[in-house]
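Peer 1: This is the structure I want to talk about, given as structure tokens.
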Amino acid sequence: MSNVVVMGAQWGDEGKGKIVDLLTRESDVIVRFQGGNNAGHTVLVGEKQYILHLIPSGILHEGKKCLIGNGVVLDPEVFCREIDSLRAQGVDMSPARLMISRKTHLIMPYHKVLDQAREAHKCKDAKIGTTGRGIGPCYEDKSARIGVRAADLAMPELLRSKIEAALVEKNALFTGLYGQQPLDADAVFEEVMAHGAKLVPYLADVSSEIHDAWAEGRSVLFEGAQGTHLDIDHGTYPFVTSSNTVSGNAAAGSGVPPTKLDRIIAIVKAYTTRVGAGPFPTELDDATGEYLQQKGHEFGATTGRKRRCGWLDAVVLRESVRLNGPTDIALTKLDVLSGLKEISICTAYTYRGEQVAYPPQEQNGMAHVTPVYETMPGWDDDITGCTTWESLPAPVKAYVLRIEEITGVRISLVSVGPERDQTIRR
């Protein structure tokens, strides 16, 4: 039995979907422990591409149980739409293999309206690039202890009272500050209950389900969303998400003790990308950046937005290692670098006249660093057909080993293409 946490080591979009899908074969239960539908996993199975926003990608494997933990914020409308889409493609979506924690907080219609109104109201320089899906406002209500939880769907009177109480404040903001029309409590209640009727059969005690699985000797895979440097506490604040994305939250967001987590795999893309606003020291606003974007198909699975691209930032990776304590690294999209004559790695920053090995902690400090690069030979070889470590060209192996040396963490998986079988185990 092995319990594995998979988390992103950069700004999200590291290729977690493929690695989770690969590791699912070796797991019995897959748990999503934070975030909402602001993140998307793209999984390629044969000729079929699946994009999952809420439901763990383990659902694509027969016989696997998928759980959505208390650390997630769930949009009932999106959840129901995702269920219908997967079911139409022949995937078993029965409550016996997909469960939602009763403690999971729900994204309400007014959360989405507030998220979009607030971002539109900000001046250009203050925008943080939110997806506008209500994630932040939902986490706000959770922290303020006025949120709606999944279990409330089975208690209509409690749900209605929570909606009415929330709209007293939300409507004051809509009409008084943002110039929006007020929302009607009855309309919101009816909309939520319409989706809630489909959602209630999936409610369960997720913590208990995980502990029962362990008692039976089964393995659990904890699937993180987004990336370390979008973490609400440890990311490039304020250009971050609203939840903790680091590995430690796998326990809190699922209802299990951290001592049960055996292995932590950090997913690292072979170059760096970022969606939306925020500092990005190694960003390439040139032909090389365009090359990476086009060859790597760097467009958001959730928003379709172009991802900003740049060289691998080892300063960011060192911080990720310090925060997450990974046992090993899965290196993804190495094949995208094929065709580049030279490849650079940022090994340090210059900040306030000094060379530093870790990101500055002041707000927007990373917007004022200068990357220090080392350059390595590139390669022209197409490596997508390589199936063993020995078959990789020498410059490719040198690049992988250099990343391993800088981070101090073994790279156990090397992805050389989007398919499941285009992965080399070391």
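Glycine too: its Cβ is placed from the backbone N, Cα and C atoms.
Grabbed the feature section from Swiss-Prot, which reads as follows:
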- Asp13: active site, proton acceptor (ACT_SITE)
- His41: active site, proton donor (ACT_SITE)
- 12-18, 40-42, Arg307, 333-335, 415-417: GTP binding site (BINDING)
- Asp13, Gly40: Mg(2+) binding site (BINDING)
- Asp13, Glu14, Gly15, Lys16, Asn38, Ala39, Gly40, His41, Thr131, Arg145, Gln226, Thr241, Arg305: IMP binding site (BINDING)
- Ala301, Thr302, Thr303, Gly304, Arg305, Lys306, Arg307: substrate binding site (BINDING)
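How about a rundown of where these features are and what they're close to?
Peer 2: Reduced to three states, the DSSP call for Asp13 (active site, proton acceptor) is coil. Its Cβ placed at the centre, Asp13 (active site, proton acceptor) has 28 other Cβ atoms within 10 Å.
The Cβ neighbour count for Gly40 (Mg(2+) binding site), using a 10 Å radius over every protein chain in view, is 19.
In this view, Gly15 (GTP binding site) is surrounded by 21 other Cβ atoms within 10 Å of its Cβ, with every protein chain counted.
Mapped onto three states, the DSSP output places Gly304 (substrate binding site) in coil.
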Peer 1: Non-local Cβ contacts of Lys18 (GTP binding site) (under 8 Å, 6 or more apart, same chain)?
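Peer 2: In sequence order, Thr42, Val43, Leu44, Thr332, Ser415, Pro418, Arg420, Thr423 meet the Cβ cut-off.
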Peer 1: If you count other Cβ atoms within 10 Å of each one's Cβ, which of the binding-site residues Arg305, Arg307 has the most?
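Peer 2: Answer by Cβ density within 10 Å: Arg307.
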Peer 1: Please list residues from the chain of Gln226 (IMP binding site) whose Cβ is under 8 angstroms from its Cβ, counting only those at least six apart in sequence.
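Peer 2: Set apart from Gln226 (IMP binding site) by at least 6 residues yet with Cβ under 8 Å, we have Gly8, Trp11, Gly12, Gly35, Asn38, Ala39, Thr241, Ser243, Thr245.
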Peer 1: Under DSSP, is Thr42 (GTP binding site) part of a helix or a strand, or is it coil?
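Peer 2: It is in a strand.
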Peer 1: How many whole Å apart are the CA atoms of Lys306 (substrate binding site) and Asp13 (active site, proton acceptor)?
Peer 2: 12
